[in-house]
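Notes to accompany the following structure.
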């Protein structure tokens, strides 16, 4: 038919393939962009799905949810419960790692509608002979669809002319027949949801993890010498004691010699300069090789196993870029852009230039071979025992590539996790998460005011973002010494650590710069560290005076003891009269043990009144209640809703309260 549209004609037909199908499945939720992208969950959770399903008129409908793991051929179907207003709900357990597929199926329940009509007629002594014949016809349709022999036997009995009308009616009223029909419905005119709902089910570390980043080359037992994996094994007990369960290593590959950067990112390197680990590749190897000064592949595997002995996983940095002397440039020149003068195009982000890094050309005609090779890098390191990858600058590679490669890896290695390091525009940042990244760096690093933190957390913990984006909060990185940490006292480092570790269930620090409170920038107005470890070997005194290792260990210990801190979305902000005091509750419904956190966001002593409603966490508001500060091991007694707080950052910049009343912790 012709449809006028803003002055021009559009041809459109709304003729369905089968107009007899009357069910409408209008919405399934939760979903990401109308099920274009997978939801994120962890193993052991219960997946709750709702849908709007209805039909014209007043007839009863049946709605089922079907689900399966993609490794399984068979679907499991469960009935959905009607909640009212044409909303339906069902839930099922997520028992396997990997990818689940979900669809909704609906149909008119003609037999149930007929049965209700029959009961009404029988109650009013109406003639039901014709209605019984109609019912038998409906049962025959059910049998034609399901081919259930048991249902066929019931139909034959109902058609037995030796039975009286009353006897047939009693057979029809038998609850077992109704149950049998429900198991064998006539779904010849059923409707399925147009797009399947996919769910990435990951292991619990996708939801709760504590990351510690360090440069292995800086940990030789001889100051100034290049460290090795063997020497780094001595760090593991202290890292574990601080409460970290992921050790993240910057790239461990050979570093290019051409255009190598010197100290503080100098354009000209001296012969002694070690270069940036992100300038990957030399004559000694590329992305599947280990820098010879770090040790051998066997040394690396031993380091991974040793870390596991302390409950720590090793995460590797995957940076899909090359130095100018990476073997790929000779072996696959088509994977790079070449300038008219015959030189390769190095990386640029004007006005910044990265002469020591050459990006891949993802528009190459040989793109499929490039994609397969990059996938093989993940597989290679998975085979060395690595199951967590921090991906460098994924926003500079096509999103279609990430969707493909993460799906491929997740299908074959479902326990693999991916952290996206993309400090970029919000839609691009979220777009990467939608395509499968388990966790993502965030803008937390630049949120310094209480109002900014509140607004940002509300964004991250609200639909639709909460369904696909898992934040990982980092107060610092080798590239970023945020302004509020520059020249800051240890109390500010403690404050940012408490925020990162209690706002988000996933967080990380770059150490030992963080716990040693390194606070000197390259120059005023810059976020880079002075004498950045990216470009030189450092010698660290890990136990130097003023370090906050014990404080970090205490916070991480509290995180492990209290499930409320092992989720991100379960946050509720509390109002107060001082904008420099940030207060919030973390709780898991049904688990008890809610926590109240109050953080001083300034460098000065702050005080104010907090409006906390004790009944919101199950406490009796008519009685006093106790708050035990898990950081200071001090207990306070509060009364009612408004209570006074004073925080001296030099003593401790935060309260982390556990709530109790009459000697019992909050239910």
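Heads up, the Cβ atoms here are built off N, Cα and C, so glycines get one too.
The alpha-maltose 1-phosphate site recorded in Swiss-Prot includes 321, 356, 393, 534, 535, and the single candidate from 261, 454, 586 that the record places there is 261. Residue 393 (alpha-maltose 1-phosphate binding site) is surrounded by 18 other CB atoms, counting those within 10 A of its CB over all protein chains shown.
Within 10 Å of the Cβ of residue 392 (active site, nucleophile) there are 20 other Cβ atoms, across all protein chains.
Taking every protein chain shown into account, 261, 534 are the binding-site residues, and of these the Cβ with the most other Cβ atoms within 10 Å belongs to 261.
Of all Cβ atoms in the protein chains displayed, 23 besides its own lie within 10 Å of the Cβ of residue 421 (active site, proton donor).
Among the recorded positions 356, 479, the residue whose Cβ has the fewest other Cβ atoms within 10 Å is 479. Within 10 Å of residue 392 (active site, nucleophile), judged by CA to CA distance, lies none of the recorded positions 261, 356, 479, 535.
Among 261, 321, 356, 393, 534, 535, the residues given in the record as binding alpha-maltose 1-phosphate, the maximal Cα to Cα distance rounds to 19 Å.
Cβ neighbours of residue 321 (alpha-maltose 1-phosphate binding site) (same chain, under 8 Å, six or more residues apart in sequence): 278, 280, 347, 357, 358, 359, 360, 392, 393. Within 10 Å of residue 479 (site 'Transition state stabilizer'), judged by CA to CA distance, lie the following recorded positions from the set 261, 356, 421, 534, 535: 534.
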